[in-house]
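Reading through the structure tokens given below for one structure.
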Amino acid sequence: MARKDLIDIASLHPEEIEFLLDQSKSFKKLFTHSVKRIPALEGKSVLMLFYEASTRTHSSFEVAAKRLSAEVTNFDVAHSSISKGESVRETIETLQAMRTDYIVIRHSHPGLPGMIARQTTASVINAGDGAHEHPTQALLDAFTIKEKFPDPRGKKVLIIGDILHSRVARSTSTLLQKLGIEVAYLGPGSLVPKYGPATIRRFTDYEAAMAWAPDVVYLLRVQMERQDVQFFPSLREYHRVYGITTARLAEISDLGLYVMHPGPVNRGVELCDAVMDYERSLITNQVENGISVRMAVLDWLKPGGDFPRQESYVARPKVSSTVLTP
Ligand code: CP
């Protein structure tokens, strides 16, 4: 059975992950070679419903949908009847009546995209729900890592920062582990939850975490907007203890480690300015890969489509013909 929605990473089967990453690669190749648009989603409509700010996710979904020839509507939350007290449910019922094929939603409430998916016939894609999940970010992170390490099994990724409030940490660490990558967390004790998978090592000391010998250092944005109490003394202190300072960047460079960050970056907090010019920074690669990964996701969930489908517009490696249940 084909999937209708992409809500989380945990429920993805290994064959689906492999398929999506392979498709992303094919889409990237196709669009690097001057193709501007393919008719994969001609006649389909994509509604962008962002209740929280976004630069990368919103713009890359929009570009991805347009490259697949879908019609894109940006729902203007600020000027909608939501400002007059309309509930999310009412909004969804209104949008359902318009028969949109896809709803790409970002919202501060964890679980809301999954709830909406159960109430609409449209394919719902979670573009980030509170501190819960950000599945397309995880896919683009995995894709970016696989470009550097085609067989990433046994590689080590150290995720640094505000794990507690991070949907990226949750989705990306789940996906990386599914690919056989070892994951560790580093951050202040107040921001690294003690619960969660026992397979993930936890560090509060930078030097101890570096002694674990990571291949990739993945910095998270400090999410001041989700912190209702103070979790560390000051941003300057955070940078000194957990940030990639100029001195630490020199060490990271000597060790040949890759640096990643989902954006937006708080410069001078998670990273010093020089990281932006660091030759093994993958931050721009992550943004670029977001488009092909989101094309793969939109194409995969195509209404009336099936997984794995035969009528591919891009060269598709062989995938299992097993019928998958979501
Ligand atoms: N990584 C990410 O979700 O960035 P945006 O908030 O800009 O979409």
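Quick reminder: no glycine exception, Cβ is built from N, Cα and C everywhere.
Over in TrEMBL, the protein carries these features:
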{"type": "DOMAIN", "residues": "4-147", "note": "domain 'Aspartate/ornithine carbamoyltransferase carbamoyl-P binding'"}
{"type": "BINDING", "residues": "Arg56, Thr57, Arg106, His134, Gln137, Gly263, Pro264", "note": "carbamoyl phosphate binding site"}
{"type": "BINDING", "residues": "Lys84, Arg167, Arg221", "note": "L-aspartate binding site"}
{"type": "DOMAIN", "residues": "154-301", "note": "domain 'Aspartate/ornithine carbamoyltransferase Asp/Orn-binding'"}
Cβ-centroid neighbourhood (8 Å) of the carbamoyl phosphate site, Arg56, Thr57, Arg106, His134, Gln137, Gly263, Pro264 excluded: Ser54, Thr55, Ala127, Gly128, Val168, Pro262
Sequence-distant neighbours of Gly263 (carbamoyl phosphate binding site) in its chain (C-beta under 8 A, six or more apart): Thr55, Arg56, Arg221, Ile283, Gln286, Val287
Lowest local Cβ density among Arg56, Lys84, Arg106, Arg221, which the record lists as binding-site residues, within 10 Å: Lys84
The domain 'Aspartate/ornithine carbamoyltransferase carbamoyl-P binding' (4-147) [mean pLDDT, rounded to integer]: 92
Of Lys84, Arg106, Gln137, Arg167, Arg221, binding-site residues neighbouring ligand 1, Cβ under 6 A: Gln137
Separation of alpha carbons, Lys84 (L-aspartate binding site) and His134 (carbamoyl phosphate binding site) (Å): 29
Proximal but sequence-remote residues of the same chain as Pro264 (carbamoyl phosphate binding site) (Cβ under 8 Å, at least 6 apart): Thr55, Arg56, Arg221
